[in-house]
Amino acid sequence: MNSNTKIIFVTGGVVSSLGKGVTAASLATLLESRGLNVTMMKLDPYINVDPGTMSPLQHGEVFVTEDGAETDLDLGHYERFIRNKMTQANNFTTGKVYQSVLRRERKGDYLGATIQVIPHITDEIKRRICSGIADDVDVAIVEIGGTVGDIESQPFLEAIRQLRIELGRNRTLFVHLTLLPYIKVAGEIKTKPTQHSVKELRGIGIQADVLVCRCEKKFDDSEKRKIALFTNVDQDCIFTAEDVDTIYEVPLKYNQQGFDAKLVELLNLNAKEADLSEWQNVVNTIRDVKGEVTIAMVGKYVSLTEAYKSLNEALYNAGYKKGVKVKIKFVDSEDVNENNVESYFKDVAAILVPGGFGSRGVEGKIISIKYARENQIPFLGICLGMQLAVIEYARNILGIKDAHSSELEPTTANPVIGLITEWQAEDGTVHQRTHSSDLGGTMRLGGYKCVLKQGSRAREIYQADEVVERHRHRYEVNSNYVERLEEAGLIFSGRSEDNKLMELIEIPQHKWFIACQAHPEFTSTPRYGHKLFESYIQAAIENSNN
């Protein structure tokens with residue numbers, strides 16, 4: 001971080017899930033539209049080292065960065081809103097901070113000192129914030145996870161309080177997001193929760209510079225005056241975060257209120273006028289959709305749609321590009337069997353099986369894949385979805401009835417999917433893994449090149465000889481079965497650069513049947529979409545019309 005970089009800290013109060021991530025990303029979008037180089041960071045107060053081993057039903061999606069970090073789903077928002085790509089430096093947790101401090105303590109780096117939250121933990125938080133910001137960055141927006149008042153968040157709040165003192169008011173800004181409940185029976189907006197949230201923040205030693213008030217409806221100047229009086233925040237630094245039809249409207253709403261202009265003023269930024277024409281085009285495209293197409297997503301985390309956040313957004317973005325609204329029908333794979341499979345898919349235009357781990361619900365996914373293959377329904381498989389598509393093909397086309405994955409059935413005699421014991425990273429380093437290795441951080445993670453087969457549908461879709469997609473898996477197609485699968489009509493249309501790992505499959509006789517080992521949803525954005533998803537949605541539209 002250079003001596004001119006400004007930092008905006010975004011905190012949240014009253015309740016969680018107010019949309020801190022979207023607010024932070026929207027502010028970054030606005031500043032980027034003014035010609036500034038903006039990066040973002042998420043600080044998570046949980047004690048896990050990273051979210052890699054956490055249940056998606058508790059934490060939501062694990063977003064994978066290009067350099068292979070398993071991170072919070074908010075980093076997905078960041079990449080969809082701004083152009084800069086996130087790295088492992090853009091997200092860290094309490095667990096990671098303590099891990100670093102304790103490792104140094106074991107090495108004797110603290111020279112026998114008593115290790116305490118202050119200064120050792122807070123110093124490590126400050127170090128990670130400052131070292132994670134590149135020298136060419138004009139503004140860094142740092143989101144503090146959790147809610148003010150949570151015991152877990154206190155070391156992070158203390159660290160940013162200290163950074164305000166060390167860097168000065170001209171280089172730091174505190175933006176606090178709170179809730180203004182609207183009581184319909186009384187027809188009133190209540191400001192008391194916001195007052196108490198700001199008071200709680202002040203008790204920690206932080207005075208909010210800007211307030212963002214989440215509310216169902218706009219509030220008038222009388223409410224603003226009341227909030228300003230009791231929170232010690234200037235009235236012109238209080239903004240509304242009202243409910244919108246799509247999160248991509250949020251930057252435009254903030255711009256209309258003059259939010260970005262106020263940030264430029266408060267931080268004395270050398271910025272040009274905002275050019276939001278590209279972002280306005282995104283919103284116009286969303287508003288202009290005419291038709292609707294229904295996609296069945298067959299998974300085991302469907303009770304929490306946040307578990308598939310990037311995938312949902314990739315489907316929606318592809319739909320916008322094709323002029324349709326994508327409706328996702330979430331199907332719990334545990335409920336699907338041979339007797340009821342048709343009832344789940346008779347009204348859908350396409351079927352998708354996403355990534356996942358573990359054996360629960362696997363047979364329901366395989367039955368769904370078989371139904372898509374046999375009934376010429378456009379199908380997209382991702383990660384585990386590709387592995388199960390290979391298993392289904394081996395069972396029902398090759399006739400290997402006990403074909404399985406050694407992850408799901410360790411004693412299977414025909415492991416068409418097996419553990420990757422060794423692979424080479426993009427930088428040339430060789431990674432190795434065994435069945436006894438730790439689960440956390442030991443997968444094939446991050447961006448890897450995939451070489452596309454000439455004449456394949458995948459090559460036609462991507463319009464490239466090779467692509468880079470992000471991975472998060474331990475298991476791959478067993479190379480011992482590849483030749484037999486190809487002879488039976490399955491095409492491996494994408495392979496790793498060294499030709500050892502199978503990355504893409506397709507069935508040429510099928511209307512649209514593609515599965516990939518990578519997670520292409522992580523690189524889809526509302527500005528640019530993603531070619532694979534757009535082709536998939538186009539196939540769904542054509543199938544729906546027929």
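Placed from the backbone N, Cα and C atoms, the Cβ positions cover glycine too.
Here's what Swiss-Prot has on this protein:
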{"type": "ACT_SITE", "residues": "Cys383", "note": "active site, nucleophile"}
{"type": "ACT_SITE", "residues": "His519", "note": "active site"}
{"type": "ACT_SITE", "residues": "Glu521", "note": "active site"}
{"type": "BINDING", "residues": "Ser16, Lys190, Thr191, Lys192, Pro193, Thr194, Gln195, Lys226", "note": "UTP binding site"}
{"type": "BINDING", "residues": "Ser16, Asp150, Ile151, Glu152, Lys190, Thr191, Lys192, Pro193, Thr194, Gln195, Lys226", "note": "CTP binding site"}
{"type": "BINDING", "residues": "Ser17, Leu18, Gly19, Lys20, Gly21, Val22, Asp74", "note": "ATP binding site"}
{"type": "BINDING", "residues": "Asp74, Glu143", "note": "Mg(2+) binding site"}
{"type": "BINDING", "residues": "Gly356, Leu384, Gly385, Met386, Gln387, Glu407, Arg474", "note": "L-glutamine binding site"}
{"type": "DOMAIN", "residues": "294-546", "note": "domain 'Glutamine amidotransferase type-1'"}
{"type": "REGION", "residues": "1-269", "note": "region 'Amidoligase domain'"}
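Annotation for Glu521 (active site): same-chain Cβ neighbours under 8 Å, separated by at least 6 residues, are Ser310, Leu311, Glu313, Ala314, Ile382, His530, Phe533.
Take the Cα of Ile151 (CTP binding site) and measure to each of the binding-site residues Ser16, Leu18, Gly19, Asp74, Glu143: the nearest one is Ser16. All chains included, 18 other C-beta atoms sit within 10 angstroms of the C-beta of Arg474 (L-glutamine binding site). Same-chain residues that are not part of Ser17, Leu18, Gly19, Lys20, Gly21, Val22, Asp74 yet have a Cβ within 8 Å of the Cβ center of the ATP site turn out to be Gly12, Thr23, Ala24, His77, Leu177.
Take the mean position of the Cβ atoms of Gly356, Leu384, Gly385, Met386, Gln387, Glu407, Arg474, the recorded L-glutamine site; other residues of that chain with a Cβ within 8 Å of it are Gly355, Phe357, Cys383, Leu388, Ser405, Ile417, His473, Tyr475. Secondary structure at Gln195 (UTP binding site), taken from DSSP and collapsed to helix, strand or coil, is helix. Distance from the CA of Thr191 (UTP binding site) to the CA of Met386 (L-glutamine binding site) is 51 Å. A count of other CB atoms within 10 A of each Cβ picks out Leu384 as the most crowded of the binding-site residues Ile151, Leu384.
Proximity to His519 (active site), judged by a C-alpha distance within 10 Å, picks out Cys383 from the recorded positions Thr191, Thr194, Gln195, Cys383. The secondary structure of Asp74 (ATP binding site), as reduced to three states from DSSP, is helical.
Neighbour counts of Cβ atoms within 10 Å were compared across the recorded positions Cys383, Met386; the minimum falls on Cys383.
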